[in-house]
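Novice: Residues or ranges marked as domain 'Orotidine 5'-phosphate decarboxylase' by TrEMBL: 9-227. If you look up TrEMBL, you'll see Asp15, Lys37, Ser130, Gln191, Gly211, Arg212 marked as substrate binding site. What TrEMBL lists as active site, for OMPdecase activity is Asp68, Lys70, Asp73.
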Amino acid sequence: MILKEKKTNLCLSADLPSLDEIIELSKQIGPNICMLKIHCDILNDFSMEKILQLKEISRKFNFLLLEDRKFADIGNTVKSQYTKGLFQISQWADLVTVHILPGEGIVEALEQAAQSINEPRGCLLIAQMSSKGALTDNEDYVKGLCAVQCAKKYSNFVIGFISQSRLTTDNQFLHCTPGIHLNNTGDQLGQQYVTPRQAIDGRGADILIVGRAILDSINRVKTAEEYQEEGYRVYEQLRHV
């Protein structure tokens with residue numbers, strides 16, 4: 001498992017408009033992360049050549065590429081969004097994020113599409129979000145839409161959740177928590193931050209998704225190292241890794 005091998009549970013949320021910048025950043029921070037999260041549809045310079053270059057870097061430094069696509073349509077449409085078009089996400093993204101609002105069919109469609117790829121593929125179900133007032137905060141959303149049941153049914157494809165709390169004691173599923181910051185508590189657009197310890201101890205996180213805390217820092221590499229060390233130290237203490 002990458003977490004234990006690299007002693008990191010840090011996912012860098014590289015919400016940047018330049019793929020060139022992400023590529024250079026991944027070369028610097030690759031040793032410190034277990035996962036790199038991007039939004040391909042905000043990139044001004046996307047090309048298959050560049051994204052495959054990023055894929056090679058991920059292999060070199062042993063981290064997963066997560067496309068935060070937040071799929072949320074009917075199965076047939078999502079299958080096309082995943083495999084076709086400009087981005088051809090299935091060709092390079094190890095993981096994608098998926099809303100379960102449309103029902104289990106969305107996961108089934110993605111799993112079927114992924115079977116044509118010669119590499120392992122998977123998804124994270126968006127069970128909860130870190131923005132203030134998110135409808136996913138409603139307990140009925142998580143339980144009513146059967147996030148955990150869906151994950152168990154498609155456990156060959158679903159590897160975990162984007163979450164703000166521990167949804168299941170089943171350790172085969174990773175709980176990935178966004179909104180991590182050592183200093184700030186929020187922003188003007190409703191983002192709510194917690195510290196690595198609060199996320200792991202209070203919210204049951206396995207993976208810490210950190211974005212602006214690193215991207216906006218003066219020394220991104222040093223800051224990434226700090227989050228890696230603090231996050232994994234707490235993770236080892238509380239999970240007895």
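Quick reminder: no glycine exception, Cβ is built from N, Cα and C everywhere.
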Novice: Can you tell which of the binding-site residues Asp15, Lys37, Gly211, Arg212 lies nearest to Lys70 (active site, for OMPdecase activity) in space, using Cα positions?
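Specialist: Spatially nearest to Lys70 (active site, for OMPdecase activity) by Cα position is Lys37.
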Novice: State which of the following recorded positions has the fewest other Cβ atoms within 10 Å around its Cβ: Asp15, Asp68.
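Specialist: Result for the recorded positions Asp15, Asp68: minimum number of other Cβ atoms within 10 Å at Asp15.
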Novice: What whole-number Å value do you get for the CA-CA distance of Gly211 (substrate binding site) and Asp73 (active site, for OMPdecase activity)?
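Specialist: On Cα coordinates alone, these residues lie 27 Å apart.
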Novice: Counting distance between Cα atoms, which of the binding-site residues Asp15, Lys37, Arg212 is nearest Asp68 (active site, for OMPdecase activity)?
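Specialist: Closest by Cα distance to Asp68 (active site, for OMPdecase activity) among the binding-site residues Asp15, Lys37, Arg212: Lys37.
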Novice: How many Å lie between the Cα of Arg212 (substrate binding site) and the Cα of Asp73 (active site, for OMPdecase activity)?
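Specialist: Computed Cα spacing between Arg212 (substrate binding site) and Asp73 (active site, for OMPdecase activity) is 29 Å.
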Novice: Within 10 angstroms of the C-beta of Asp73 (active site, for OMPdecase activity), what count of other C-beta atoms is obtained when all protein chains are considered?
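Specialist: Looking across every protein chain shown, the total is 15.
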Novice: Under DSSP, is Arg212 (substrate binding site) helix, strand or coil?
Specialist: helix
Novice: Tell me, by DSSP, whether Asp73 (active site, for OMPdecase activity) is helix, strand or coil?
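Specialist: Once the DSSP labels are grouped into three classes, Asp73 (active site, for OMPdecase activity) ends up as coil.
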